[in-house]
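*Asks:* So TrEMBL says this about it:
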- A:64-277: domain 'ABC transmembrane type-1' (DOMAIN)
- A:21-41: transmembrane segment (TRANSMEM)
- A:61-90: transmembrane segment (TRANSMEM)
- A:102-124: transmembrane segment (TRANSMEM)
- A:151-170: transmembrane segment (TRANSMEM)
- A:202-223: transmembrane segment (TRANSMEM)
- A:258-280: transmembrane segment (TRANSMEM)
Amino acid sequence: MAHLFSAGKRFRVLPGFGLTLGLSLSYLGFLVLVPLAAVFLKASGLGLSGIWDLATAPRTLAALKVSFGTSLCAAFVNTVAGTTTAWVLVRYPFPGRRFLDAMVDLPFALPTAVAGLALATLYAPSGFPGSLFASGSTLGSLFPGGELKIAYAWPGIVVALVFIGLPFVVRTVQPVLEDLDREQEEAAATLGAGRLRVFTRVILPVLLPAMLTGFALAFARALGEYGSVIFIAGNRPFQTEIAPLLIVTHLEQPDYPAATALAVVMLVMAFAMMLAINLLQAWTRKRLGHP
Amino acid sequence: MPHLRALRPGRAPLLWSAAPAFTRALTVALAVALTAALALAPSPARAAAPEQTLLNVSYDPTREFYRQINAAFAAAWSQKTGQKVTIRQSHGGSGAQARAVIEGLKADVVTLALAADIDTIATHAGLLPETWQSLLPDNSAPYTSTIVFLVRSGNPKGIRSWGDLAREGLEVITPNPKTSGAARWSYLAAWAWASRAHPDTPEAVLDYMRALFRNVPVLASGARGATTTFTRQGIGDVLLTWENEAFLALNELGRGQFEIVVPDLSILAEPPVAVVEANAQARGTGALARAYLEFLYSPEGQALAARHGYRPRHMEFAAPEDRARFRDLELVTIADPVFGGWPRAQKEHFATGGVFDRIYEPGPR
C-alpha cells in the first residue's frame, strides 16, 4: 500500500488518462503530425533560399495576397453576420427558428464544389442576384465602371468563403449567448444603462472571446479552401489566383518540392496569424476579467 | 465508486495502472501503430479467379465513350475466350490521373489526354517503358481530336479564325493550361496559328498570345468547368474546346443556342493509350489489357469513337452520319518543328517560368 501513496503524485482521480492520451497521441500523430512532417521534409529539398525565392516570387506574392485578403474579409463578414445570426436564434422565439438553426449547418454538409458551382452561376451577371450588380442595373451604376463583378472576381471569392465559414462563428457564439445570464443585463438596466451601453459594456465583453474563436476558425477554413473557390474565382494569375491553386499548379508539373514549399509558406503564415489571434483572445479575456 | 478500485487494499495493483501515465500512453500509441502496420501488410495472394477485372484510368470527357467501349469489349472477349471480364473506369483531370497512377493507383491501362502525362508516369515511376508510344499503332492514339470554337447562335461577333480571338473587347473562354489537357491543346493550336501568321517575328507571336489571354476572363481548372461557364453562366463570346465536347454542347446542353466554328487550322490532338506494364504484370492482366487497347483500333471501337465525337484513325469504319460531322481543316501535330514534340513543348510553354507564365507577367493590366 505504501507504494501507492508514494506514487500519489501522479495518481489521478479520473481514470483512463494513459489510455486516452495514448489514443489522442496516435490520432494526432497519424492524421496531423505525420502528414505535416512529410510536407516539411519534402519542402526541405529546396533549401531555405529556394523556399524564400519561391515565396517572394511576384506571382506567389500576388496569390498569397488574394488568399489572405479574401479570407480576412470573409472572416470579418462572418463574425458580424454570424454573431447576429446566433443572437437571433438564441434571443427571439419565432416560427421556423429550429429550421433556420438547422440550415446554419448546411455549408458543413454540402460538397464545396457544388457550392462553388451554384454560387458562380447565381453571382454571374446572368444569374440572380448577380444581375442586380451587372452593368446597366441601378445597383451596378453605383460602382466605378458601372458594374460590380462578383463571380470571377475578388468579391466572388469572398462570397464563397463567407458561405463555407458561416457555421463556425454561429456555432461558437451561440452556446455562449445561451449561457449569458439575463439578470446581468437587467441589473445594468436598473442601474440606468441604456440599451447600447448594456450591449457594449455587458454583452459584448462576454461574447468577444467566442467571436474571436469563430473568426479564427472561419479564417483558417477559408485559407485552405479550394473546391468552391476555383469555380467562382476566375483563377487568373496576379488577379484572382488563390495560393492553393498555385500549389495544385505546381503539383501538376509535377513539381512536388515547389508545391510543398508553398504549402509550408502558407502554413507558417497561417500559424503566425492564429497565434496572434490567440494572443489577442487571451488579452481580451484578461482585460475584460473573464477567466 | 468504481473508479477508485485501484485504491482498495488487498488487491494487487495491476502492472498497467502502476506504470507511469506516459509509458501507458506510449504503449497504446505503439499498439495502434502496430495494428495499422499489420492491416497494411500485403495479404496472401488470392487464387486466380476465372473472372478478371481491368482498371482503365482515363480523363474527364471520355466517361460515356469508355462505358460503351467496355460493354462492347467485354462481350467480344467472352465470345472469343469464354472468360468474363469487368472493366472499371476512373475519370478526372488528365494530369491528376497521371499523378494518381504514380502514387500507386493500380491502373492496368491509362487512356489520357496528352502523351506528356503518360511520359510523366514512365519517367517518374518507371511503370512502363519510355518507348511506350511506339508499342501501339498511330503513336498509340487510336482516335484523335482537335480544338474548335463554340460560339453563340448566329455568331454575333463574327468569329472565323484564330486572329479574331485577339480582338479587343472579345471574351474567350478556355481552361487553365496548367491544370487542363484540353487547354494545353487550345494554347498550342493558337500558337501554331500565330507562328504561321508571323513566321519571322517571335515577338509578334508572343504579343498575339498576350492579347488572346487578356481576353480570357476565367481560367477554369478543367474542360467541363469551362463548358459550364460558357453554356450555363452565359459568360464569353467563344469557347475553345475539344471537338467532341463541342458536339456534346451542341446536342445536349442547349439545342439551337450555339454553333461550331471550325478554324482553317488547328492542332491534331492525339489522346494516347498505354498498358501500365508493371501493374498489369503484377496482376497478370497483360494480355487482356493489350487486347482491350487493340479493341479500340477494331472497326467496332473506331465506330464508337466516331459516335462520341472523336476522329477515328480509320474513318471508313465510322457511320456515315458521324463521318459527316467532321470537317476538313489543316491539322498541325505536336511533332511540328514549331513545338518539337511533347517534352520540349511542355518544358518551353507550361513549366514554371515558361512562356505561359511569362505572357501573364508583369502583372495586372
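Here, residue 1 is simply the first one shown, and the rest follow in order.
Even glycines carry a Cβ here, placed using N, Cα and C.
Thinking about packing and proximity, how do these listed features fit into the structure?
*Replies:* Panel annotation: around the transmembrane segment (A:21-41), residues 260, 263-264, 267 of the same chain, lying at least six beyond its termini, place a Cβ under 8 Å from a Cβ of the stretch.
Panel annotation: around the transmembrane segment (A:61-90), residues 55, 97, 100-101, 104, 154, 157-158, 161-162, 165-166, 168-170, 173-174, 177-178, 207, 211, 214-216, 218-219, 222-223, 237-246, 265-266, 269, 273 of the same chain, lying at least six beyond its termini, place a Cβ under 8 Å from a Cβ of the stretch.
Non-local neighbours of the transmembrane segment (A:202-223) in the same chain are 67-68, 70-72, 74-76, 78-79, 82-83, 161, 164-166, 168-173, 175-177, 180, 184-185, 188, 193, 266, 270, 273-274, 277-278, 280-281, 284-285, 288, 290; each lies 6+ residues outside the stretch with a CB under 8 Å from one of its CB atoms.
Listed by sequence, the residues of this chain that lie at least six past the ends of the transmembrane segment (A:258-280) yet keep a Cβ under 8 A from its Cβ atoms are 36, 39-40, 42-43, 46, 50-51, 54-55, 60, 64, 67-68, 212, 215-216, 219-220, 223, 243-244, 246-248, 250-251.
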*Asks:* So which residues does the transmembrane segment (A:102-124) touch in its own chain, when a touch means Cβ under 8 Å and the partner is 6 or more beyond its ends?
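*Replies:* Apart from its flanks, the transmembrane segment (A:102-124) reaches 85, 89, 130, 150-152, 156, 159-160, 163-167, 170-171, 225-232.
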